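Novice: Here's a structure for you.
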Amino acid sequence: MIILCLTIFANIFKPGWTGANERTFLAVKPDGVQRRLVGEIIRRFERKGFKLVGMKLLQASEAQLRQHYWELREKPFYNGLVKYMSSGPIVAMVWQGLDVVKTARKMLGETNPADSLPGTIRGDYCVEVGRNVIHGSDSVESAAREISLWFEDHELFCYEECGQHWIYA
């Protein structure tokens, strides 16, 4: 009985979604991969103090992309977005840290690179909204959905970083 209760609580209160354990999903899009920006993007998130807990290079299927961008299905650019995102490999990543969803969105910049400030990823590396280098979850709820779409539980790692005490009080 105790094991059953612990299993239920473990599934209800999953680690990784609040406080310093909050997680977000990022995907370097085909243009970012082709332009060799993956390392620069990882560098920025590591230097900010976030922890990489999952990453893979993959060719996304059209079905997976349609599910990922389901909320945009009525938009005129939807089919083009799916076609573009399946045109080459992407790098899917899960990052963890305090307020990582909100902070990652600020680090990415606006969806339209023309509206992005210098110092943001899109402000520094993009010129066109259709080729804006990177996707990032827009909420904790979206992050949970997107992470479960792109990663299985065994592909995400929990580990203690030796420098974590220098980042979090």
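Backbone N, Cα and C atoms are what each Cβ position is placed from, and that goes for glycine too.
Straight from Swiss-Prot, here's the annotation block:
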- H135: active site, pros-phosphohistidine intermediate (ACT_SITE)
- K29, R105, T111, R122, V129, N132: ADP binding site (BINDING)
Novice: What whole-number Å value do you get for the CA-CA distance of K29 (ADP binding site) and the residue listed as 'active site, pros-phosphohistidine intermediate'?
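Specialist: Pair distance, Cα basis, whole Å: 7 Å.
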Novice: What whole-number Å value do you get for the CA-CA distance of H135 (active site, pros-phosphohistidine intermediate) and T111 (ADP binding site)?
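Specialist: Answer for this pair: 9 Å between alpha carbons.
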Novice: Taking the Cβ of each of the binding-site residues and counting other Cβ atoms inside 10 Å, which one has the highest number: T111, N132?
Specialist: N132
Novice: Cβ within 8 Å of the ADP site centroid (K29, R105, T111, R122, V129, N132 excluded): which residues?
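Specialist: Neighbours found: L108, G109, E110, N112, P113, S116, C126, V133, I134, H135.
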Novice: Within a 10 Å radius around the Cβ, which one of these binding-site residues has the most neighbouring Cβ atoms: R105, R122?
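Specialist: For the binding-site residues R105, R122, the Cβ with the most other Cβ atoms within 10 Å is R122.
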Novice: Rounded to a whole number, what is the top Cα to Cα distance in Å among the residues the record ties to ADP, namely K29, R105, T111, R122, V129, N132?
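Specialist: So the maximum pairwise Cα distance among the ADP binders is 15 Å.
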Novice: Cβ distance under 8 Å to V129 (ADP binding site), same chain, sequence separation 6 or more: which residues?
Specialist: T111, N112, P113, A114
Novice: Given the recorded positions K29, H135, and counting only Cβ atoms in the protein chains shown, which has the most within 10 Å of its Cβ?
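Specialist: Output for this query is K29.
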